[in-house]
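Per TrEMBL, these features apply:
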type     : residues                                                               : note
BINDING  : Gln255, Lys271, Glu292, Ala375, Ala376, Leu377, Leu378, Glu449, Asp464 : ATP binding site
BINDING  : Glu292, Asp464                                                         : Mn(2+) binding site
DOMAIN   : 339-554                                                                : domain 'FAM20 C-terminal'
ACT_SITE : Asp444                                                                 : active site
Amino acid sequence: MQWRLQMLFQRKLKIRFLFLLFLALLVHLVMDFALPTTHRSCGCDTKASKAMGVLSGSPMPASLKKLSLRILQDFSGSNGSLEKSSQPERAGLHLRAGEPGVQQQHEEANAGWTRGSKLAALFKHPLYNIPVPKVTEKDKLFIVNPMEKFSLHSSGSDEWVSSSKAETLLPTGKTAYDTYPTWLKFHVGINRYELYPRRDPLLPTLLQDLATQRIISSGTTSLSVSLSTPLPRCLLPASLIPMCLLSVQKSGGTQLKLIMTFPNYGQALFKPMKQTRDQETPIDFFYFSDFERHNAEIAAFHLDRILDFRRIPPVSGRLVNITKEIRDITTDKKLAKTFFISPAGNVCFYGECSYYCSTEHALCGKPDRLEGSMAALLPDKTLAKRRSWRSPWRRSYHKSKKAEWELNPNYCAQVRETPPYDSGHRLLDLIDMAILDFLMGNMDRHHYETFEKFGNDTFLLHLDNGRGFGTHSRDEPSILAPLQQCCSIKKSTYLRLQLLATQPYRLSDVLREALAADPLAPVLAEPHLQALDRRLGKVLVAVGHCLARAAHQEKVLVNDVGPWV
């Protein structure tokens, strides 16, 4: 009997002990889940600060805030070495191998570049922050009259209000310039060195206007507006022009283009869709027989900006209603006669042009919706004269004959002795354009333009890019002839190309990201984006061959940004 009582007591004691253990575990779990994660202290920040040699709570030294200039000084190594060496410096970490936290922070930096915006990181890089020369009054395309206002009737009649009839007082803190529409501010901002600034706050608004502004007129020739009062007399001194003419685009060309006019008298060049994204140019087509592609115009603008050339006017994609936004409002009688309804019930038209304007090449909507590119027009040539230059590396545009540069390996020596290529940076600008064309696969660069006011000391305008991005499965090495024959390139261009060949700023990735914001996204088929990386590698190889043959590196990499690079 006593033995049974002893066993019962031991069993109850064990049960109580297990119950207490279970209760303790339950309390621990409740407390763990109840406390917010923000109250948990891990000391990570302190460890990171110690690893960087910075006391917790103290301000970061200026030397650590600034990115090391060594990023700018040595890009001549392989892409792999650049990629490895530049990432810790971009994060402001001057850590030696073996120090605590080096590997952890290196991995965190890589993860951050993957998660964040590559495009934003690219434009923050020192190579995209090299200052342009100071812009003086003579370097501006237009001198703005600060007393002239831009205004429209409040009734919505889309008519100008003269400065004498408009309110004389502006809102507090506003200037007459603030009343200008975005397209006019874009024109006013053009200067000797750039078509638009790197961080132009107007650019998003201008692209939005191109994509969404109401179209009030369309045609193959531009609307020229004559005003009884010169409002706003913004682009030239009043003594030189009696009225404010708006952007005019001459008619003509091998393929159909339309001028679209907006309520604020801004205008855009509309190139309609002719091919699908994945449709490659047939291999047997001559370059001058190729179609112009609306998506190539859009992609070219963004690629030009990523390369930091900024020589292509802003372009946006747009879905246009053929019936309401072209046929019903066109002022062009010749264009109006070319509309018809296809057997499939779609609205079609073909317009008038030198080639591809016939019923066989009609442009049809689905049923009346049609994609196209909308490019901001440059200022009218009566206000800002432009000079057209024949490219020295222009193709023969003949089915059997070749151009001189294709037959003469020493052709560049001849070009270097010919004005305007015998001085200044004109030849280097032309090589920039050749690199842009090679990346796009554009073989149709027969002319380029400059603003006459700036003479030979200015940038080249990269216009008419519709024949780019036609092929992705093959490359055309002859487009790089200016680079290969002259063996010269701007150092800034070369450094940016090397940067775009590294994983944090991969060219295909940043262009894909830029194009994702366009209304017609995806703008390019994926194979075209992948082809960009392949072609970029070939450009760098071509420069590498020039460097290997050159006695002095300075003859190949021409320093265009000062002694700090």
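Indices start at 1 and increase along the chain as displayed.
Placed from the backbone N, Cα and C atoms, the Cβ positions cover glycine too.
Please treat TrEMBL annotations as automatic predictions, because they have not gone through curation.
Mapped onto this structure are the features recorded in TrEMBL.
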residue: Gln255; record: ATP binding site; Cβ within 10 Å: 19
residue: Glu292; record: ATP binding site; Cβ within 10 Å: 24
residue: Ala376; record: ATP binding site; Cβ within 10 Å: 25
residue: Leu378; record: ATP binding site; Cβ within 10 Å: 23
residue: Asp444; record: active site; Cβ within 10 Å: 20
residue: Asp464; record: ATP binding site; Cβ within 10 Å: 23
Distance from Asp444 (active site) back to Leu378 (ATP binding site), taken between C-alpha atoms, in Å: 21
Residues Gln255, Lys271, Glu292, Ala375, Ala376, Leu377, Leu378, Glu449, Asp464 [recorded ATP binders]: greatest CA to CA distance in Å: 20
Cα separation, Asp444 (active site) to Glu292 (ATP binding site) (Å, whole number): 10
Integer Cα-Cα distance in angstrom, Asp444 (active site) to Asp464 (ATP binding site): 9
